[in-house]
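Asker: First the structure, which I've put down as structure tokens, then a few questions once you've had a look.
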Amino acid sequence: MAAVESRVCETEGCSSEAKLQCPTCIKLGIQGSYFCSQECFKGSWATHKLLHKKAKDDKIKPEVSPWTMDGEVNTDPWPGYRYTGKLRPHYPLTPMRPVPSYIQRPDYADHPLGMSESEQTLKGTSQIKTLSPEDIEGMRVVCRLAREVLGVAAMMVKSGITTEEIDHAVHLACISRNCYPSPLNYYNFPKSCCTSVNEVICHGIPDRRPLQDGDIVNVDITVYRDGYHGDLNETFYVGDVDEGAKRLVETTYECLMQAIDEVKPGVRYRELGNIIQKHAQANGFSIVRSYCGHGIHKLFHTAPNVPHYGKNKAVGVMKPGHVFTIEPMICEGGWQDETWPDGWTAITRDGKRSAQFEHTLLVTETGCEILTCRLEENGRPYFIS
């Protein structure tokens, strides 16, 4: 702590002379923050550290609101932020797109914080819902529609197209199918799909950066209709990509399909991570540990928790009627991740590329049904066909 002129200690109930100031507050430009001793400073830490968070949040807020378009000038939203790779956000973003009132909306759609109260009610529970025949049919319908919407996005992917344009097409495709785009306002996520380019692991926010030849981009689609969510994603090549990108994308898809091959009643959810890790590591890649697959039906995210790395401690055994996603995120370098200051965009800490594929699955009496399977090309993903 730095020495400063005499002040009164700011710890509640202490009136001693204070000559020490919090060094983090000095760095962040926070006025005050004087303490008489290390003991008083430590005793106030629980509440004092909130000042640091607020100051940091205020510092990264762009002068121009990121949710409004102001000409074509690209604004750096986070001056001083140290990016791990070459990708940069292209701000400001366009406003959050409206959804017609006649389309059924999930409970978080109009919540000021985008909070799903139905999910919060079940937060922390490991109980896995067994879907009724009616529920299963609802999931089949919505997953088929989600697949159609991903097909629209797939046709958009090429050099020069922005992820913002892909998001716009996805939004319109959802509306035309009487679906709500599930990501929109989910805990205030500002767009209708996630687009994750190169070193972005997941939850990338579509913006005005044009895709470039050699990029890889994951488009993650979830749609909501008649009370159910359907979720899937694929990673696409943009133009001609190098052999490293091809090997990463191919291995990631193989990890997903090898895990799916093991889905059947009686299998522990924790086993899927062992299968994925074995194949990824055999090819020299690592597995992201911070994000995982999840149960899905009337709730966007719920039990079970489905980690993609080995020796995990996931709870639960597969039973007929369970519906969940597997969505491995595989990295060229290390598995460690960071998050951009937007609070969403997860990126590799070493700046190397990451790829992902996802399906929503139904456990049947004898195995599983891939609810989001592509109907064309014998179910093969777009990077193959």
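Cβ coordinates are placed from backbone N, Cα and C, and glycine is handled just like the others.
Okay, these came from Swiss-Prot:
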- C9, C14, C36, C40: Zn(2+) 1 binding site (BINDING)
- C22, C25, H48, H52: Zn(2+) 2 binding site (BINDING)
- H203, H301: protein binding site (BINDING)
- D220, D231, E358: Zn(2+) 3 binding site (BINDING)
- D231, H294, E327, E358: Zn(2+) 4 binding site (BINDING)
- 6-59: zinc finger (ZN_FING)
Asker: Enter the number of other CB atoms within 10 angstroms of the CB of C14 (Zn(2+) 1 binding site).
Answerer: 16
Asker: Using other CB atoms within 10 angstroms as the count, which residue among the binding-site residues H48, H52, H203 scores least?
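Answerer: Minimum Cβ neighbour count within 10 Å, taken over the binding-site residues H48, H52, H203, occurs at H52.
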Asker: For Zn(2+) 3, what surrounds D220, D231, E358 with a Cβ no more than 8 Å from their Cβ centroid?
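Answerer: Residues close to the Zn(2+) 3 site, other than D220, D231, E358: C194, I221, T222, L232, N233, T325, E327, T360.
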Asker: Taking the Cα of H203 (protein binding site) as the centre, which of the binding-site residues listed as C9, C14, C36, H52, H294 lie within 10 Å of it?
Answerer: none
Asker: Suppose you look only at the zinc finger (6-59); what would the mean pLDDT be?
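Answerer: Result for the zinc finger (6-59): average pLDDT 70.
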Asker: Should any of the binding-site residues C9, C25, C36, C40, H52, E358 have a Cα within 10 Å of the Cα of H294 (Zn(2+) 4 binding site), which are they?
Answerer: none
Asker: With every protein chain in view, what's the tally of Cβ atoms within 10 Å of the Cβ of H301 (protein binding site), excluding that atom itself?
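Answerer: For H301 (protein binding site), the 10 Å Cβ neighbour count is 20.
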Asker: Cα distance, C40 (Zn(2+) 1 binding site) to H48 (Zn(2+) 2 binding site), nearest Å?
Answerer: 11
Asker: Rounded to a whole angstrom, what is the C-alpha distance between D231 (Zn(2+) 3 binding site) and E327 (Zn(2+) 4 binding site)?
Answerer: 10
Asker: What does DSSP say about C22 (Zn(2+) 2 binding site): helix, strand or coil?
Answerer: coil
Asker: Starting from the Cβ centroid of D231, H294, E327, E358, which together make up the recorded Zn(2+) 4 site, report each further residue of the same chain whose Cβ lies within 8 Å of that point, ordered by sequence.
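Answerer: Leaving out the recorded residues gives D220, L232, N233, G293, I296, T325, I326, H359, T360.
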Asker: How many Å separate the Cα atoms of D220 (Zn(2+) 3 binding site) and C14 (Zn(2+) 1 binding site)?
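Answerer: The Cα atom of D220 (Zn(2+) 3 binding site) is 53 Å away from the Cα atom of C14 (Zn(2+) 1 binding site).
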